[in-house]
Amino acid sequence: MNREWLEKDFYKELGVSSSATADDIKKAYRKLARDLHPDKNPGDAKAEERFKAVSEAHAVLSDTEKRKEYDEARRLFASGAFGRGGFAPGGGYAPGGFNGEFNLGDIFGGAAGGGDGGLGDLLGGLFNRGGGRASTRPRRGSDVETETTLGFREAAQGVTVPLRMTSPSPCTTCHGSGAKPGTSPRVCPHCNGTGVISRNQGAFGFSEPCEDCRGTGSIIDDPCVDCHGTGIQNRTRTITVRVPPGVRDGQRIRLAGQGEAGLRGAPAGDLFVTVHVSNDKVFGRTGDDLTLVLPVSYSELVLGTTVSVPTLDGRVGVKVPAGTADGRTLRVRGRGVPKRDGTSGDLLVTVKVAVPQKLDDDATEALRNYADAEKAGGFDPRAGWAGA
Ligand SMILES: [Zn+2]
Ligand SMILES: [Zn+2]
C-alpha cells in the first residue's frame, strides 16, 4: 500500500510541476477541488475518485515537511536505492553480529539520512503523521539506546564486544502473535482488518484508528498467557557488536533490527550504541592520526638516532635526524588509526628532551668540557634572540 503511494505522482495529480510554489499548488488544488467536488458531480464515480486523489496529493504537497519527505522518497525511489540491499529492513546484519559485508555507512548512521528502517519507515514518517491516516501495518518496535566504553586501542583497531541488554523481545510462546498457541488472531470485523474507520462529514472524509482493535486490524480472543496478548516479553539478551576500527569517542553506532521487538510480529526497532573511548597512557589521537610524545636526550637530538616506538600494531623504528629541534613532530606514514577505506592515518611522533636531574662525576665533567667546546665552536643559543 505504501509503495503504491510512493509510485503516485502527486504533482501530476494537481497538474503542477515539481518545482511549483506553495501558491501554485494551492491554486491548482482549489480549482480542481471545485470542479471535481462530489456535490457538483453526483453519482460520478470517476470524478469522486479524482477528487480523492487530488485531496490526497494536496494533503502531502501543501505541507512543507511532508512535501520534502515525499520529494526525497521519490528521488531515492527513482535512483533505485530501494532496490538495493542497503535499504532492506535489517539488511546487512545477522543475529549475533554482522555478517561478512556490513555496511559502514549504515552502521555509522552515515550522512545519507541514516536510512532508518528502510522503505517502511520513510513512508511511515510521510503518511502516518497527524494520525489522519493510520497505517494498517503493526507498529515497528522502538529504537533502543545503550552505551559502551572501549579502551583506546580497541576503539582504534576495532573490537567485538558483548552487550547485555534487557528489552522487550517477541514472545517465544506465541512467536509474537499475542494469541494463545493453537489459536490465531482474527480479522477485526469492525474495520475489516484495516485498523481504521472512515467517516464522512459533509463533503470530507477522514479516518481514525479503529477502537475495537486499537488500530491493529486484528482481534485476539484467546490471549497468550505469557505475554497477555501483547506478543512481547522482556528478555535479557547479550548481543555481540562488532565495532569497526577507528570509532571515535562519543560516536553512535546503529544496529538495524536490534532494538525493541515490534508489537505482534512487526519489525523490530534499531539499537543505537554510543561508544565512549577511554584515554591511553601512550597514544593520543587527532582524527585518524595517532600521536605520541617520544622522550629523547639532548645528545640524541644533536647526533641523531633511531628509536623503537610502539604503534597499534607492533613497533616501528623512527629515525630522528641529527640536528632535530626539541618539540619537532616526525611523521610515520600509514601507522596511525585504520580508516574506513582500508588505509590508515599516520603516526605523529613529537620529540621531547628529557633533562637528567642527576649526573655522575664523569658525565658532569664531560658535559662541562662539552659546554666549553660548544662556546669555542661559536654556538650561541640566544643569537638573534630578544634583540641580542
Ligand atoms: Zn505470547
Ligand atoms: Zn478494527
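Yeah, the Cβs are placed from backbone N, Cα and C, and that goes for glycine too.
Annotated features in TrEMBL:
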DOMAIN    9-74  domain 'J'
DOMAIN    158-236  domain 'CR-type'
ZN_FING   158-236  zinc finger
REPEAT    171-178  repeat 'CXXCXGXG motif'
BINDING   Cys171, Cys174, Cys224, Cys227  Zn(2+) 1 binding site
REPEAT    188-195  repeat 'CXXCXGXG motif'
BINDING   Cys188, Cys191, Cys210, Cys213  Zn(2+) 2 binding site
REPEAT    210-217  repeat 'CXXCXGXG motif'
REPEAT    224-231  repeat 'CXXCXGXG motif'
Inset, instruction - Enumerate in sequence order the binding-site residues Cys188, Cys210, Cys213, Cys227 whose Cβ-atom distance to ligand 1 is under 6 angstroms. - result: Cys227
Legend entry - Rounded distance in angstrom between the Cα atoms of Cys224 (Zn(2+) 1 binding site) and Cys210 (Zn(2+) 2 binding site): 22
Inset, instruction - State the Cα to Cα distance, in Å, between Cys188 (Zn(2+) 2 binding site) and Cys227 (Zn(2+) 1 binding site), rounded to an integer. - result: 20
Legend entry - Zn(2+) 1 site shell beyond Cys171, Cys174, Cys224, Cys227, criterion: Cβ within 8 Å of Cβ centroid: Thr172, Thr173, His175, Gly176, Ser177, Gly178, Ala179, Pro223, Val225, Asp226, His228, Gly229, Thr230, Gly231, Ile232, Gln233
Inset, instruction - Using Cys174 (Zn(2+) 1 binding site) as the reference point, find which of the binding-site residues Cys191, Cys210, Cys213 has the shortest Cα-to-Cα distance to it. - result: Cys213
Inset, instruction - Could you state the whole-number distance in Å separating the C-alpha atoms of Cys171 (Zn(2+) 1 binding site) and Cys210 (Zn(2+) 2 binding site)? - result: 25
Inset, instruction - By DSSP assignment, list the helix, strand and coil residue numbers for the domain 'CR-type' (158-236), in that order. - result: 0 helix, 35 strand, 44 coil
Legend entry - All-chain count of other Cβ atoms within 10 Å of Cys210 (Zn(2+) 2 binding site): 22
Inset, instruction - Output: those binding-site residues from Cys188, Cys191, Cys210, Cys213, Cys224, Cys227 whose CB lies less than 6 Å from an atom of ligand 2, in sequence order; none if no residue fits. - result: Cys188, Cys191, Cys210, Cys213
Legend entry - Number of Cβ atoms other than its own within 10 Å, given for Cys188 (Zn(2+) 2 binding site): 20
Legend entry - Largest tally of Cβ atoms lying within 10 Å of a Cβ, found at which of the binding-site residues Cys174, Cys191, Cys213, Cys224, Cys227: Cys174
Legend entry - Neighbour count (Cβ, 10 Å) for Cys171 (Zn(2+) 1 binding site): 23
